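According to TrEMBL:
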- 243: active site, proton donor (ACT_SITE)
- 55, 56, 57, 95, 202, 253, 254: substrate binding site (BINDING)
- 163: site 'Transition state stabilizer' (SITE)
Ligand code: MRU
């Protein structure tokens, strides 16, 4: 299916599979430093996901798949089956919200269970992880096509985005940021407004970095400026990614996405969610069922050890929120778009 290889250069990449090891660009250090980490086996990959060395739903799933491949490579000849299963369980504990993680682990488990020897498992699991990686890149390119059909822009326009959904968050190119790249390639993009995305600053540290590297016109704004930007009539669409999409079309994505959807509806700005079908979880009826990760309060209280708030002040730090389907104009995947999503539209594409 995929006509791209996993390490095909699309400019920025988040991870590099070297055939027998996995290297991850440490996203905690960007944009100050480009530092690559060699993940130490499946446990090392799980730790890198938990610590956000690698983040973004598709990139988490791809990394976990390579983690399973590493588990087979490092397994002893004795109870290698138990070792790989243990690694899968450990990877599944790394972060709770992005369903791409569990989707990738299920896929790896399916391949693993058909293997009859450790040598076969080592080969097949590495090949499957590369397929998952390549398919994600191909899906991103296909999503950009579908998204432009939905937007049908007649002339260059500006859009607003949240968090980072680019090459750093995926197998390459990006989901929402892939759509933005495609608009730019087609000369249909005036400017991207990038929310800084408190508290982890994926927008300022990662999205602004990716876009400036590729000479795509970007204006960074504080999250609280989104309403004023929409009120000024400057943006036609808000384009975001997703961590989990449920059967009724509700969407979990980076905290603050729901705010944007409410604002977009008020200001008659289009609201589009762009994600691969590996982000769709038809087993969950609605967004209420999605486990929402809460991270440590230090992410809000301080930045790189510098206090931004009184020490020990109580913090509420959910890192995702749920946007109800009723506020979404289109969910775009590589399989096509669901406009005005609801259970019927979702089932038609993902049953
Ligand atoms: O906490 P993060 O940085 O992993 O959250 C990332 C997001 O919420 C993205 O919008 C989502 O994963 C889609 S990435 C293509």
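The backbone N, Cα and C atoms fix where each Cβ goes, glycine too.
Unlike curated records, TrEMBL annotations are generated automatically.
Model, not experiment: these values are computed from the prediction.
Feature annotations (TrEMBL) mapped to structure.
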{"residue": "55", "record": "substrate binding site", "DSSP (3 states)": "coil"}
{"residue": "95", "record": "substrate binding site", "DSSP (3 states)": "coil"}
{"residue": "163", "record": "site 'Transition state stabilizer'", "DSSP (3 states)": "coil"}
{"residue": "202", "record": "substrate binding site", "DSSP (3 states)": "helix"}
{"residue": "243", "record": "active site, proton donor", "DSSP (3 states)": "coil"}
{"residue": "253", "record": "substrate binding site", "DSSP (3 states)": "strand"}
Residues 55, 56, 57, 95, 202, 253, 254 binding substrate per the record - widest CA separation, whole Å: 17
55, 56, 57, 95, 202, 253, 254 excluded, remaining Cβ within 8 Å of their centroid (substrate): 60, 98, 163, 164, 165, 169, 241, 243, 319, 320
Pairwise CA distance, residue 202 (substrate binding site) versus residue 163 (site 'Transition state stabilizer'), rounded so that it is a whole Å: 5
Which same-chain residues, if any, lie at least 6 apart from residue 253 (substrate binding site) yet have Cβ under 8 Å of it: 162, 163, 240, 241, 242, 243, 273, 320, 321, 323
Residue with minimal Cβ packing [other Cβ atoms within 10 Å] among the binding-site residues 55, 95, 254: 95
The residue listed as 'active site, proton donor': tally of other CB atoms within 10 A of its CB: 30
